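Listed features, source Swiss-Prot:
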COMPBIAS  39-62  compositional bias 'Acidic residues'
MOD_RES   Ser20  phosphoserine
REGION    1-63  region 'Disordered'
REPEAT    132-171  repeat 'WD 2'
REPEAT    173-212  repeat 'WD 3'
REPEAT    214-254  repeat 'WD 4'
REPEAT    356-395  repeat 'WD 7'
Amino acid sequence: MESESESGAAADTPPLETLSFHGDEEIIEVVELDPGPPDPDDLAQEMEDVDFEEEEEEEGNEEGWVLEPQEGVVGSMEGPDDSEVTFALHSASVFCVSLDPKTNTLAVTGGEDDKAFVWRLSDGELLFECAGHKDSVTCAGFSHDSTLVATGDMSGLLKVWQVDTKEEVWSFEAGDLEWMEWHPRAPVLLAGTADGNTWMWKVPNGDCKTFQGPNCPATCGRVLPDGKRAVVGYEDGTIRIWDLKQGSPIHVLKGTEGHQGPLTCVAANQDGSLILTGSVDCQAKLVSATTGKVVGVFRPETVASQPSLGEGEESESNSVESLGFCSVMPLAAVGYLDGTLAIYDLATQTLRHQCQHQSGIVQLLWEAGTAVVYTCSLDGIVRLWDARTGRLLTDYRGHTAEILDFALSKDASLVVTTSGDHKAKVFCVQRPDR
């Protein structure tokens, strides 16, 4: 099956009020860039100094890991399949995937079957099951040094496992889980819950700190690259930038500064000076992490809007599903539920390209050190786009249902996907331009 024709808008497309500014601010002048990344040892030491509250130890689930038979690994499937390895031990939709950051040789996946597995990318061999969850596993990830792996289910049960020993070392029950992320430099786990709290734990001793938001779910969050702050988005449209050591908000954006609907995603640029936030209100806001001011608002192009409807008809919903910054050019990408991938030029404050998919975008990721952006969508296809030209470089197929999550190896040689077809797949990325 040949890929459908998908085009990007020409670079000379005039700006169609895709970006609005507050007052006389300009992006380049508002933001003061940090001199460079902090020393990892200093960050780890700072996290040691954080005043955590002592939590009462709860009885953990003592179930051990279970070794599954190798027949769960599938080499190929009927129909076009570009993948090298298919992991097939899940018995329901696979919601999440993460790669170990140190070696990029292991994956952890979690699914609707209440299971999470750690397995090897090269051949799909199961290393161990993260047993004991009683609800869909929606979050999973490795610590910064790949020694620990955390899994979280919808009910709020979080578990952490020592990778080399395959043993559970920590467990905690929070409220209904919205998101989870490891600290970039220390064995510290953060999570947002439906009661509006953001939690931070030292692992494995369990020392805990909470950051209380508004009385609504903390729908998305991200630790900033300096490791000292986190940005959290909430269901009521507010955005908070937290000081992790002090436990207090540095900036709060609400009302017209915030969003007019629940936040769906947040991202930060490489030095943490700029933040992008996305919402079901179809807007992506560019925020200075230093001043807490909104310096730009990106809105969907008119091409993506729905035609006028007759009486009694409802318009199709659209929302920002994923976004991110390019690491080598002043570009940002925003992916929408209606299938639009918009590439914005931050230097000229204009829409650079608009790339249309046949179905909704689920997630996008920028390749490190290049201007290539990857998208996965509800049609089960991974696509690679050149953000400089808006051109589709290639695509990868093999799933028989929507892709729900994907991860990219550091050297961009592997893409690992999870899907509603109960499978996780490993694709080898081959590009003649590198």
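Heads up, residue numbers simply count up from 1 along the chain you see.
Placement of Cβ uses the backbone N, Cα and C atoms for every residue, glycine included.
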DSSP-assigned states of the repeat 'WD 4' (214-254) in counts, ordered helix, strand, coil: 0 helix, 23 strand, 18 coil
Helix, strand and coil residues within the repeat 'WD 3' (173-212) as assigned by DSSP: 0 helix, 24 strand, 16 coil
Chain residues outside the repeat 'WD 2' (132-171) and at least six past its termini with a C-beta under 8 angstroms from it: 58, 60-65, 95-103, 106, 108-116, 118, 177, 179-187, 189, 191, 193, 201, 203-204, 206
DSSP-assigned states of the repeat 'WD 2' (132-171) in counts, ordered helix, strand, coil: 0 helix, 23 strand, 17 coil
Residue counts (helix, strand, coil, in that order) that DSSP gives for the repeat 'WD 7' (356-395): 0 helix, 23 strand, 17 coil
